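As given in TrEMBL:
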REGION    1-81  region 'Disordered'
TRANSMEM  114-135  transmembrane segment
TRANSMEM  155-175  transmembrane segment
TRANSMEM  195-212  transmembrane segment
TRANSMEM  218-235  transmembrane segment
TRANSMEM  317-336  transmembrane segment
TRANSMEM  367-388  transmembrane segment
TRANSMEM  436-455  transmembrane segment
ACT_SITE  His450  active site
TRANSMEM  461-479  transmembrane segment
TRANSMEM  491-518  transmembrane segment
Amino acid sequence: MSERAEMKGPVTRRRRTTITGSGPVKQANGSKSHDAGEKPPQSPDAEAKTDDVSMHPSNGKPDREMGVSGQQPPHSPSRKHMSVVEEFNERLSCHVLQESLLSSASGYSNYRGILNWCVVMLVLSNARLFLENIIKYGILVDPIQVVSLFLKDPYSWPAACLIIASNVFILATLYTERRLAVGTISQRTGGILHIFNLTSILIFPAATVLTLTSMTPVGGILSLGAYSILFLKLYSYQDTNRWCRQIRQMKAKRLTRSYSCPSVAQSNGSAVQSHVSYPGNLTHRDMYYFVFAPTLCYQLNFPRSRRIRIRFLMRRLFEMLFFMQLLVGLIQQWMVPTIQNSMKPFQEMDFSRMVERLLKLAVPNHLIWLIFFYWFFHSCLNFVAELLQFGDRQFYKDWWNSETVTYFWSNWNIPVYKWCLRHFYKPMLRKGVNKFLARTAVFLMSAFFHEYLVSVPLKMFRPWAFMGMMAQVPLAWFVGRFLNGNYGNAAVWISLIIGQPVAVLIHLIIPVFTTLLYCVCPCNMS
């Protein structure tokens, strides 16, 4: 007899059931069962567990108290004992080593409830301000006045006519490129024609806006904005075609295919399009597709989507119409009365009231700016992209997480950023200009266009928009040098919330200061 039989005594041996399978059977505790000839020594508890898996004497089937997997019954003594022990352990110890959730060492990052609270507080506070505005001023929204912002005379549409006239510059660029492609004119002559054409794009609309008395400020801003976009587009068009001519002159087929015929990735669901190579791209269809496409950087083969999603298109169209009305209503109801009431504190030089008016103007101004961002960069650009099946929809990135001013300007307007990077910043680096000067030159060009779009339509030639953009250079250096993480993000938000109303009010402060100076010292003014 074996040693186990001697320990058990003269007890009748019961037949054991062995469950066979393709491999060892796992027990409840995760251990593997061994063959009968290689059983390791077991403790009495283990033997009791093994004996529980026995055949019922009457029907030869396993006992219902145990499953096939060998788990313990739910009311077994050992399990009851463990549950009692665990219950007492829970009673005895209730503290563990851990950090508070709001401590940075805790690693906790789910602040969704606090974000919802901030949104609720923002809505309630703005609702109170809006109700106060309604009680104080009444309903100021006037649709007829909105029409008068665009047109002084319903039979005279100077802004629309000015935008239609831009086709002259578009066709001039296309025909110049065709002559350069066939070699009818030299590269030098083509470059001079492009410079003249691009310069005229900026000068002609500005002169028209300044001379026409029927041009409204809103119409002037729209027309000059359209010509500014066209300037950047046509510059990219001639620059890209010039690169294609340089590659064609190299007589290298491999480089020619990779640069002038870029392949369209099929894994992202884009449609299979026929590839165009230079100079086959110099057509009216290709030119006008690029003019209307929501991008400033030209390439011969744009990524295209498979189809037009009608439901997506209708949602974007509804957003465009709704947010346009909301913007106009907020400007009429909220912005205009606040600006008008800001004149008196500046005339009386009441500093505390000036600061109060500045902060009061900051809330509606920033809200209008945020709505404009969503309306233009998401609703409008996605609507145009869907209509033209334009595949690249990255019009903005997470600028709201910006920890530096440079990151903000690189991510809130991706089309302009790509243009500056491709046609302005990198060419300067290739010519040996250091990064700081190249970055400053980018801000200088941006400052020019900001001043161009503000001073000319308003016919107020003051360099405040230019100086505001150039002030971003030392601000970017200061934030990047001394502020990091959340502090840098807070500094970016403060510059956005406070900087814009300062720019609005400064156009009012200077005339007031000039008037006061003239009243105090009329002889010096003369």
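Every residue gets a Cβ built from N, Cα and C, even glycine.
What TrEMBL says about a protein is an automatic prediction, not a curated fact.
Just so it is clear, the model here is predicted, and its values are computed rather than measured.
Around the Cβ of His450 (active site), the same chain contributes Ala465, Phe466, Gly468, Met469, each under 8 angstroms and 6 or more positions distant in sequence. Panel annotation: around the transmembrane segment (436-455), residues 202, 206, 221, 224-225, 228, 406, 409, 416, 420, 424-425, 428-429, 461-463, 465-470, 472-473 of the same chain, lying at least six beyond its termini, place a Cβ under 8 Å from a Cβ of the stretch. Proximity of distant same-chain residues to the transmembrane segment (218-235), defined by a Cβ-Cβ separation under 8 Å and at least 6 residues beyond the stretch ends, is recorded for 149-151, 158-159, 162-163, 166, 169-170, 173, 197-198, 201-202, 204-206, 208-209, 290-291, 296, 298, 416, 419, 423, 449, 452-453, 456-458. The transmembrane segment (114-135) is not in contact with the transmembrane segment (461-479), judged by fewer than 3 CB-CB distances under 8 Å for residue pairs 6 or more apart in sequence.
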